[in-house]
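Participant: First, the structure itself, so that you have it in front of you.
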Amino acid sequence: MASSDVKLIGAWASPFVMRPRIALNLKSVPYEFLQETFGSKSELLLKSNPVHKKIPVLLHADKPVSESNIIVEYIDDTWSSSGPSILPSDPYDRAMARFWAAYIDEKWFVALRGFLKAGGEEEKKAVIAQLEEGNAFLEKAFIDCSKGKPFFNGDNIGYLDIALGCFLAWLRVTELAVSYKILDEAKTPSLSKWAENFCNDPAVKPVMPETAKLAEFAKKIFPKPQA
């Protein structure tokens, strides 16, 4: 399949755009990456996703698919015979992967993002408490899902790995910005080892943003709160 048949509208710094990029790499699907300029929305984006007007959007034979996790599922279904399965085959495991993916987006990432916006010490303490609780939940989820293997999905990166792993670059940037170890090996050893394995995977490394570059970008969109 030619890359012109598959296009992805996105931006290099977006963790949500990383999700379909990793999925496409896992499935060895060539694609054209159409980068949006931060702070503006192209006509193609507005036309392709008129409801939410957000990235990412996958264009497959000019048909748009929106929302990062939905795109990942679409990629897994469409190229089911290529590469490892992204979603678990067992219905219960599949349901659990979707449950934790929703938790990550609705709770865990909200807390992580709040760290960069937090002003006073009390606000930071509240965010730390939320993240530590979330990390403990995810540590147990990893142990339950991985069954002793390197990834949530077992031997290969899967749906839940992508859902959480896409935020690791932003997690590193946040740790530098607030001088606090969010993913602590002493508290979450299994999750910390998983993060190392995930970042070193050949499907992930080419699309993982460089920490220094992402840190500079973060300064533009998350100015330090005024004292």
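The first residue you see is number 1, and the count goes up from there.
Cβ atoms are placed via backbone N, Cα and C, with glycine included.
Okay, these came from Swiss-Prot:
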- 4-83: domain 'GST N-terminal' (DOMAIN)
- Ser14, Pro15, Ser40, Lys41, Lys54, Ile55, Glu67, Ser68: glutathione binding site (BINDING)
- 90-222: domain 'GST C-terminal' (DOMAIN)
Participant: Using Cβ atoms only, which residues of the same chain lie under 8 Å from Ile55 (glutathione binding site) while being at least 6 residues apart in sequence?
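Facilitator: Set apart from Ile55 (glutathione binding site) by at least 6 residues yet with Cβ under 8 Å, we have Ile9, Gly10, Ala11, Ser14, Phe16, Val17, Glu36, Leu45, Asn49.
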Participant: Among Ser14, Pro15, Ser40, Lys41, Lys54, Ile55, Glu67, Ser68, the annotated glutathione contacts, find the widest CA pair distance and round it to a whole Å.
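Facilitator: Largest pairwise Cα separation, rounded: 19 Å.
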Participant: Under DSSP, the domain 'GST C-terminal' (90-222) has how many residues in helix, strand and coil?
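Facilitator: DSSP composition of the domain 'GST C-terminal' (90-222): 96 helix, 2 strand, 35 coil.
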Participant: Between 0 and 100, where does the mean pLDDT of the domain 'GST C-terminal' (90-222) sit?
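Facilitator: Mean pLDDT across the domain 'GST C-terminal' (90-222) comes out at 95.
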Participant: Highest CB neighbour count within 10 A among the binding-site residues Ser14, Ser40, Ser68?
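Facilitator: The residue with the densest Cβ neighbourhood is Ser68.
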Participant: For the domain 'GST N-terminal' (4-83), jot down how many residues DSSP puts in helix, in strand and in coil.
Facilitator: 31 helix, 17 strand, 32 coil
Participant: Relative to the Cβ of Glu67 (glutathione binding site), which residues of the same chain, six or more apart in sequence, are found under 8 Å away?
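Facilitator: Listed in sequence order, they are His52.
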Participant: Give the number of CB atoms, excluding that of Lys41 (glutathione binding site) itself, located within 10 Å of its CB.
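Facilitator: Result for Lys41 (glutathione binding site): 14 other Cβ atoms within 10 Å.
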